[in-house]
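Some features that TrEMBL has for this protein:
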- 54-166: region 'Disordered' (REGION)
- 64-80: compositional bias 'Polar residues' (COMPBIAS)
- 137-153: compositional bias 'Basic residues' (COMPBIAS)
- 239-387: domain 'YDG' (DOMAIN)
- 462-523: domain 'Pre-SET' (DOMAIN)
- 526-673: domain 'SET' (DOMAIN)
- 688-704: domain 'Post-SET' (DOMAIN)
Amino acid sequence: MEGGSSHNFIPPSAGFDKSRVLDVKPLRSLMPVFPAASQAPPFPCMPPFGQTPNGYSPFYPFQPQGSQTSPNLNSPSPMRTPTGPMPAPIRSYRAPAPSGGLPHDFPEESNGERGSSMGGAEDDDGYFDAHLGSSSSRKKTTKASSSRKKKKKSGDGDSLTNNGSGVNFVSVMSPFQVEDGNRELVNYVLVNFDALRRRICQIEDAKESKNGIIKRADLKAGNILMTKKVRTNMRRRIGVVPGVEIGDVFYFRMEMCAVGLHAPSMAGIDYMTGKGDAEKDPVALSIVSSGGYDDDTEDSDVLIYSGQGGNNNNKDKQVADQKLERGNLALERSLNHGNEVRVIRGVRDEVNSTTKVYVYDGLYKVHESWTERGKSGCNIFKYKLVRVPGQPGAFAVWQTIRKWKDGFSSRAGLVLQDLTSGTEPIPVSLVNEVDNEKALASFTYFPKLKYSKSFTLMPPSFGCNCHNACLPGDMNCSCIQKNGGSFPYTGNGILVSRKQLLHECGPTCPCSPNCKNRVSQTGVKLRLEVFKTKDRGWGLRSWDSIRAGSFICEYAGEVIDEVKLKQKGHAGEDDEYIFDTGRNYDSFKWNYEPGLLEEETSNDINEDYNIPYRLIISAKNVGNVSRFINHSCSPNVFWQPVLYEHNNQSSLHIAFFAIRHIPPMTELTYDYGNSSSSEADNDNGPHRKNKCLCGSSKCRSYFG
């Protein structure tokens with residue numbers, strides 16, 4: 001959605017010359033002034049004063065006043081606690097950030113009490129170019145075939161990657177990138193956030209759990225990224241946030257904060273003040289409707305939003321009348337000004353009922369406001385927000401899918417209810433809304449990999465000695481030892497890091513079938529749909545939102561001998577369903593940066609695959625849903641080699657995982673890679689080059 005305003009001022013104020021503002025020394029204050037604990041609402045991206053979660057130490061500038069002298073930002077005199085009205089924060093004067101603290105250029109005042117910072121279950125993007133902004137960058141490729149461990153080359157100096165491993169992490173994002181983002185920067189920040197959060201979850205899971213301790217890996221990851229300035233869109237703005245698209249999904253409030261969509265980690269109303277008095281001239285920037293208040297959310301184009309406050313520190317029951325202040329006042333002023341307000345809707349995750357998903361639903365305008373008595377008899381402010389016309393659907397898509405699942409409406413273009421004929425635990429529908437084609441090319445649906453009897457596999461390896469389930473932190477578990485000493489998945493079955501080779505428990509392991517180290521062997525868990533695309537044949541997408549690191553499916557089919565593949569006349573000559581680990585694949589970074597956690601080294605630094613033998617799979621005659629995943633030069637899915645024992649032999653498998661959070665009804669794609677120059681010379685073989693129609697800005701024009 002390109003429309004809408006993204007200005008950093010309140011309409012209808014006139015424009016101004018920013019360079020002149022930066023040259024003028026502000027008169028009101030030379031430093032941010034923070035209110036006393038008794039009167040301050042939560043600061044953006046942090047809990048309110050005096051409410052630091054268990055396991056966290058308060059640090060500047062979030063310590064209760066009086067506990068420590070605040071660092072001097074702009075003048076030789078110490079910061080003084082003001083008396084009287086709180087001055088508006090000043091952003092036109094910049095000073096270096098205190099060592100070890102948060103970045104100095106905090107968002108302008110945007111507080112409130114509405115909402116919760118809980119963003120999802122505590123266990124568990126983004127595909128990005130490692131050379132953003134580089135004019136001389138070169139894409140590095142890796143051949144994922146049988147090889148020894150290789151040393152990874154360092155990227156260009158201006159790439160969005162760590163300059164090295166270890167404790168010396170320095171963000172390479174420029175001040176301009178921190179202030180104003182784009183799609184690549186947003187993906188870069190999100191992939192770093194979730195990678196870091198998954199690693200923190202992995203560390204916490206390996207520790208002995210203590211009752212009463214709340215594990216908030218999202219807050220830890222967010223605080224680290226804020227400190228290291230791995231964030232973007234810090235410049236406050238009304239309307240469109242560069243790089244954030246309508247329909248994007250988030251699983252944590254801190255993700256929205258890190259990309260500048262919604263600053264408060266707890267408050268439901270984000271607002272900023274203009275040139276006038278802070279108490280009289282605020283306007284709303286964004287709101288989150290997540291069920292904490294009595295909102296009317298059923299209409300996809302109209303939202304009846306309840307004001308904030310009066311509910312006794314986020315308890316469900318209203319105990320006092322709401323006041324026309326802060327976020328409530330900002331929404332009232334936005335009604336008068338007519339400015340656009342970003343709306344994020346919280347919905348229940350269909351895959352994990354304990355998780356909440358936040359959906360960016362685009363720009364709205366406040367059309368009405370009134371007060372009414374709530375169920376407890378207290379006065380509540382109500383605001384009617386209407387969606388700006390012409391925007392792509394977001395929350396409306398979720399509502400439509402819910403009706404399909406509940407049987408209230410039929411899926412348009414439905415050809416088959418379940419093309420797997422019950423083979424998968426969840427049906428996979430076949431849909432065509434493009435033309436009159438009603439059938440697929442004949443193939444046998446089979447959910448696993450089929451090795452021929454003549455194929456020589458690796459000798460079996462010893463299984464674990466865990467009798468119930470493999471537990472994180474149990475170094476006696478041989479499967480954990482094979483994975484470098486860390487459990488590869490979080491408690492929710494989310495992959496923590498890409499590995500050169502991932503080892504899962506197999507049939508010889510005495511642990512239970514429900515062991516969390518068997519993720520890729522449990523079949524499809526998503527409500528998938530095979531659909532007809534406009535110009536690329538059949539494709540695959542999901543009715544469910546897919547979380548970064550989630551297992552999607554295995555590449556099933558028949559394993560082909562490399563010699564037979566090259567023989568003239570083999571069916572592979574017209575086989576478009578070949579998966580080959582011997583192709584060259586563009587490398588990309590998905591794992592966390594060890595330096596962000598001050599780790600000296602990491603087993604997951606090298607993301608280049610180290611596969612024991614070349615694996616070639618054909619899904620032409622036998623296969624599963626993976627045969628319908630199309631190619632993209634900017635994919636949202638990656639493949640991971642997985643090894644586990646089967647029939648007294650260790651066999652290699654290919655599992656697909658989500659690179660980033662994927663909204664519902666988004667086509668799933670992975671990079672098919674390119675054949676070596678010698679194989680690609682044969683224009684009629686299975687490795688012939690194909691014209692790419694992915695439409696990505698990074699399209700290579702061909703694949704295969």
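Using the three backbone atoms N, Cα and C, a Cβ is placed for every residue, glycine included.
Keep in mind that this is a model prediction, so the values were computed, not measured.
Contact between the domain 'YDG' (239-387) and the domain 'Post-SET' (688-704) does not hold: fewer than three of their C-beta pairs are under 8 Å, each pair 6 or more apart in sequence.
For the domain 'YDG' (239-387), residue counts in helix, strand and coil come to 18 helix, 57 strand, 74 coil, using DSSP.
The DSSP breakdown of the domain 'Post-SET' (688-704), given as helix, strand and coil counts, is 0 helix, 4 strand, 13 coil.
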